[in-house]
Amino acid sequence: MNGKEIFLVGLSHKSAPIEVRERVALTGDLLKAALCELRAAESVAEAFVVSTCNRVEVYVQADGIEPARRFFTERAPDADEHLYAKIGVEAIRHLFRVSASLDSMVVGEQQILGQVKEAYGLASAAEAAGPFMSRLCNRAFATAKRVRTETDIGRGATSMSQVAVELVEKIFGDLKGRAILLVGAGKMGALSAKALAVLGADRILVTNRSPERGLALAEQVGGAFRGWDELPRLLVEADVVIVSTGAPTYVVTRDLVQQAMKARRRRSLCLIDLAVPRNVDPACADLGEVFAYDVDDMEKVVTATQEARRGEALRAEAIVEAEVMAFAKERDARAALPVLAQLRRHAEQIARAEAERTLSHLGPKLDEKGKKSVEAMAQAIVNKLLHGPTARLKAAAATGDGDLPGAAAELFGIDNDPARPEGAPAQPAEGRAAASSERS
């Protein structure tokens, strides 16, 4: 480590309504720009951002939490009351639980791991995530894989798309003959289409801005592709519309639905919006015979499935906790390494200087063998003197006593900054104390 701590600031379906989440959700170039902005902060060493339909979370390795908090308040000034913040082991535990889908609206859902992997990949490509985030994220991914392999937490409806399809089935019963329109052919759209096909839906319509992607999905599920410009007419034809595009604004507007309802002659229309930011104008729900649901409404459908999965979730929590403690122990042990390296370098410099002074006094009295004996003796003294302190520093770090390595650095007047180039002068003890005071 580099003297910095890991901080997490975020909001999720548990802490904030969709109206707040959609204002801070970022994708594509906007997310890349946000990563660069975070990394540019002087106090931030590494960063990555998880942004999904149910959560936006900022992880930073930094001197303090403010850069992560500012990410939210600059985008949504009223977000502060919905934020949660975690530091150190608590932040590590949270990421592990999120990756293992234990903090998801649908516990056991499979999409979140891919989303966190994608978030880390983007941060790595933007050079915002470095060696610490690499170790952290890869350990979180391995933990999620253990949970998936060693428990049955993934049984039943395990994605928002599957939950949406379950809702459709509850409303209509038999799906045969029902016209179901999928607006968007991305991951959510594909999962919805496959779940519908399994339940026997035989009139699946797909529309997408990119015809190639839409055609491919329609062929996979035996559906029909329609052009994006046909959306107004498709809203007249469909019984159910499931919307999940990457658009940052409403795709299905109130005016569009109002016009469609005039032509439907009092036939009800079910709108399910799986996107964040929302793609269906919430004002559509005010229209007669229109039943609109967004991702927050899905939580009511999820409850029964969650109860059946409670036992597996407890087993998964135990796996996560064991992995968190193991990672934290390794992290703390690493914290001692820079101190140990500097302590040994400091001692060896003194030993070499004293050996050279002794040899210069003895002059020609010593042959080459005698000189080597003096140098070997100096190194042996260093090794014996440092053996005990080295063992105690490693043990202290491994048991979470993070104060001892810092105290050792202060006691011996050595630099505990791994970012300092090799051979550069160490910062004086009083300078380090002042810098530490400024950060706190």
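Glycine residues also receive a Cβ, built from the backbone N, Cα and C atoms like all the rest.
Pulled from Swiss-Prot, these are the features on record:
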type     : residues                                         : note
BINDING  : T52, C53, N54, R55, S104, E109, Q110, Q111, Q115 : substrate binding site
ACT_SITE : C53                                              : active site, nucleophile
SITE     : H94                                              : site 'Important for activity'
BINDING  : G184, A185, G186, K187, M188, G189               : NADP(+) binding site
REGION   : 406-440                                          : region 'Disordered'
COMPBIAS : 421-440                                          : compositional bias 'Low complexity'
Candidate with the highest Cβ count within 10 Å, taken from the binding-site residues G184, G186, G189: G184
Check: same-chain CB within 8 A of substrate site center, minus T52, C53, N54, R55, S104, E109, Q110, Q111, Q115: S101, M105, V106, I112, M160
Largest tally of Cβ atoms lying within 10 Å of a Cβ, found at which of the recorded positions H94, K187: H94
Largest inter-residue Cα distance among T52, C53, N54, R55, S104, E109, Q110, Q111, Q115 [record-listed substrate binders, Å]: 15
In the chain carrying N54 (substrate binding site), residues 6 or more apart in sequence that have Cβ under 8 angstroms from it: S12, H13, R21, S104, M105, M160, V276, V295
Residues near A185 (NADP(+) binding site) in space but at least six apart in sequence (CB under 8 A): V206, N208, S210, R213, G214, A216, L217
Close in space, distant in sequence - Q115 (substrate binding site), Cβ under 8 Å, 6 or more apart: V50, T52
C53, M188 as recorded positions, winner by CB count within 10 A: C53
Candidate recorded positions H94, Q110, G186, M188, G189, pick with smallest Cα gap to C53 (active site, nucleophile): M188
Any further residue of that chain within 8 Å (Cβ to the Cβ centroid of G184, A185, G186, K187, M188, G189) of the recorded NADP(+) site: L182, A190, L191, S192, N208, L217, S244, T245
C-beta crowding around Q110 (substrate binding site), within 10 angstroms: 16
Cβ packing number for S104 (substrate binding site), 10 Å threshold: 24
Integer Å distance between the CA atoms belonging to Q110 (substrate binding site) and G186 (NADP(+) binding site): 15
For H94 (site 'Important for activity'), the one of G184, M188, G189 that lies nearest, given that the binding-site residues are compared by Cα: M188
